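Chemist: A single structure is presented below for examination.
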DNA sequence: GCGACTTTGTGCATCGGTTCACAAAGGGCT
DNA sequence: AGCCCTTTGTGAACCGATGCACAAAGTCGC
Ligand SMILES: NC(=O)c1ccc[n+]([C@@H]2O[C@H](COP(=O)([O-])OP(=O)(O)OC[C@H]3O[C@@H](n4cnc5c(N)ncnc54)[C@H](O)[C@@H]3O)[C@@H](O)[C@H]2O)c1
Ligand SMILES: NC(=O)c1ccc[n+]([C@@H]2O[C@H](COP(=O)([O-])OP(=O)(O)OC[C@H]3O[C@@H](n4cnc5c(N)ncnc54)[C@H](O)[C@@H]3O)[C@@H](O)[C@H]2O)c1
């Protein structure tokens, strides 16, 4: 048994979901010239419990120094590597409407490893337009574009009715990572990862809690 | 102990997060004229396990009929009521840039109980514009607008640097539900609910799994 | 009206994730 | 060089969520 296992295969899903949060906090610290950070400080910056943070980081390896903390630069590198951000990911956005346009114009994810490599739409009015420096291509070209540009992540921003069909087509040409904004449950083989962003669901969850707050503690009036 | 408790206070958070999913599936069924649905069918439509679905619904009350299933209309009503969607929620969008505009123009959440009641921005170029039929108001008017329009949910779509300040101000005038699109951890009292949507985090999670898929099973080459 | 069949509602085992709390490690000060 | 102080890494208890599996409930056909 070697004394240091560089990294453990099989990082808990909950940990993976928090690594980007730590990374963001660390980037901020690096910019402010912070060289070293304790789990306590980093935890505060990321809005989590410090024990949880340490356990999360321990899944990547033993990168801290007891009595001191973590080296910011080094930790940024280790987390980036673990998340696969040391390589470049080509992203295609399918559906260039309100939302697709906002995403295409957004500089925030280009910054870290993600590059919008293609825009695809079905509307002849939109196809051929240049948005954020990219030509919008026709949906008929979907498969060709994905192969030509080496796209490995597809962002779905079409209307709900078109989402499953586009999804099936991109999977057929080998895409296994999809970010879905359309309010539908996509049916995919379990070799494919789908993450969804659903604004409407978030609002409904907020409304639920808001209702409880408004009526809750005092509204002991049972409706029976 | 009364035989039927209409509904139990204290619905698990995980259940609350799925109710909107069930509701969406049920709306689709109602539109297609389906009168009754079994937990199995509804579970498939919502992409969850049927036992989980039944347990979730059992937290609202005993609304099914054994041997038959659930009445679609009735269940829509019960879930809507539980989520607080039988009332109207006034939403303000602060930050009317790429994303804020897309949200303002989006018809999807207006449909169910949510109404965009105000748009607020700091940029004099934008203030005064009419977007989606609404006048964009100046950030100086933030507090006044929130009170005047009875806004109870605020959507934050400002740059990260401005988010905490806007957040503090809306909380100061009594807002307790915030949907945050800015990539920052907001610091709020625990009487306030914040939900965040972070595109960049979703992409990073996808990249992590994508990397594993690509290198994973065959890349047994330990880097030591 | 009765029996067979369908489907709910839930007890229970299990699992993944969180948090506490502390022993071991390491740096820095004297 | 040795001691003290800080901070990590993790064992173990705890907590909420999941999913199986089945008894109870209720419908429908005969
Ligand atoms: N805009 C928002 O704020 C928002 C919020 C939450 C969810 N959504 C969801 O995101 C999706 C897009 O929303 P939007 O507001 O941008 O809608 P939109 O109608 O403005 O844009 C949809 C675009 O998809 C294109 N399209 C239609 N069918 C297509 C196909 N088969 N292949 C390729 N492109 C196709 C259309 O031409 C259009 O340009 C919808 O599913 C919507 O429900 C949007
Ligand atoms: N556009 C996207 O696809 C996308 C995706 C993920 C996250 N985000 C995040 O959403 C936020 C908005 O993104 P965007 O692309 O719309 O940016 P944007 O720059 O296009 O828009 C920001 C808007 O906020 C306004 N603003 C600035 N300071 C303000 C203040 N103090 N009060 C009120 N308004 C103020 C600006 O005038 C501008 O109109 C950013 O935090 C961004 O990181 C955007």
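Heads up, the Cβ atoms here are built off N, Cα and C, so glycines get one too.
According to TrEMBL, the record shows the following:
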DNA_BIND  B:21-60  DNA-binding region
DOMAIN    B:84-185  domain 'CoA-binding'
BINDING   B:95, B:96, B:97, B:98, B:99, B:100  NAD(+) binding site
Chemist: Name, in the order they occur in the sequence, the residues of the same chain whose CB lies under 8 A from the CB of residue B:96 (NAD(+) binding site) and which sit 6 or more residues away.
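Modeler: Those within reach of residue B:96 (NAD(+) binding site), by Cβ under 8 Å and sequence separation of 6 or more, are B:104, B:119, B:120, B:121, B:126, B:129, B:131, B:136, B:157.
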Chemist: Let me check the 10 A CB neighbour count of residue B:95 (NAD(+) binding site). How many other CB atoms are there?
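Modeler: So the number of other Cβ atoms within 10 Å of residue B:95 (NAD(+) binding site) is 26.
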Chemist: Count the Cβ atoms, other than its own, that fall within 10 Å of the Cβ of residue B:99 (NAD(+) binding site), considering every protein chain shown.
Modeler: 24
Chemist: Rank the binding-site residues B:97, B:100 by how many other Cβ atoms lie within 10 Å of each Cβ and give me the one with the fewest.
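Modeler: Each of the binding-site residues B:97, B:100 was scored by Cβ atoms within 10 Å; lowest is B:97.
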Chemist: Under a three-state reduction of DSSP output, how is residue B:97 (NAD(+) binding site) classified: helix, strand, or coil?
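Modeler: Its secondary structure by DSSP: coil.
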